[in-house]
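Below: the structure, in structure tokens.
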């Protein structure tokens, strides 16, 4: 029976959502952090989108956000020339790391002892979080502002992307191992540890490379300019979103388009699969996050499959465990939060 995709819409931000990241699976579930141009990154329960808290302290747009594996720490990168590290349980700011230009990317090592930052000053910086007073190690070599920087290969190597170049660095020697050049701007980069796969988007293309050697694996062409793509943890599916407001789902093995549907009321800036692969999240110019089921109709989180009466002619649809609102109407964005991390709760809507 045909099923209709019914996303959960997470309001609360007042400007475009430009980055998001999931934690690993913890004893308390998994969590989702979002970066927004409103300067107020938010933490949510990953499987429901329920708001937990807002990290207050940046004085400019937040361009990047991440959580460590067990969701005890968060890090954010901002236009106020700082990266900040937060206690993700209490919401307290742990440290502010001053930079000389806009910071775009942050990433923890697996043991959470080091933080990698990058941004408009074209430098990679590695901070020892156990020695906050120490100067960071710096790696130079990029010729334009860095959009994304990620640890890879058990933190032995670093991947970084500027406008049209992706570079692989050796952590021990702080030297470049290899680089990839593209004929147009790289819009996003995702690293998949299982299988050492690097997902790169540029123009209308989604490319997969070995994260160890940067050798190409395969690539897909899409109908629109893509801003972000994410590979399912089991490497079955790929989701992508971009300038045409739509989300696309592809079979990773064959490249066949499985689904496409209007995802937002503005360009989609970021998409990511949850660590269990049951859902994926998207962030948009329209100021909202949306959560989508990987397998439509499965009972999971706030979704509960309810089948219509036989011979009614209706499509089966997932039921949300709270009142529905018209999906065609753009949800009113919640008012800005107060200075408390536990300010009034933004809504989650069907």
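The backbone N, Cα and C atoms fix where each Cβ goes, glycine too.
When pLDDT values are averaged over the repeat 'WD' (55-96), the model yields 97. For 55-96 (among others), the entry in TrEMBL reads repeat 'WD'.
Only residues 6 or more beyond the boundaries of the repeat 'WD' (96-137), in the same chain, are considered here, and those with a CB under 8 A from a CB of the stretch are 57, 60, 63-70, 72-73, 75-79, 81-85, 143-151, 154-155, 158, 160, 162, 169, 171, 174. The annotation repeat 'WD' is assigned in TrEMBL to 96-137 (among others).
Annotated repeat 'WD' per TrEMBL: 139-179 (among others), in sequence order.
Only residues 6 or more beyond the boundaries of the repeat 'WD' (261-293), in the same chain, are considered here, and those with a CB under 8 A from a CB of the stretch are 5-11, 13-25, 30, 32, 34, 36, 38, 44, 46-49, 188, 190, 227-234, 236, 239-247, 300-301, 303, 318, 330-331, 333. Under the heading repeat 'WD', TrEMBL lists 261-293 (among others).
What TrEMBL records for 327-350 is region 'Disordered'.
According to TrEMBL, the compositional bias 'Polar residues' annotation covers 337-350.
Across the range of the repeat 'WD' (55-96), the DSSP-based residue counts are 0 helix, 22 strand, 20 coil. Mapped onto DSSP classes, the repeat 'WD' (139-179) shows 0 helix, 22 strand, 19 coil.
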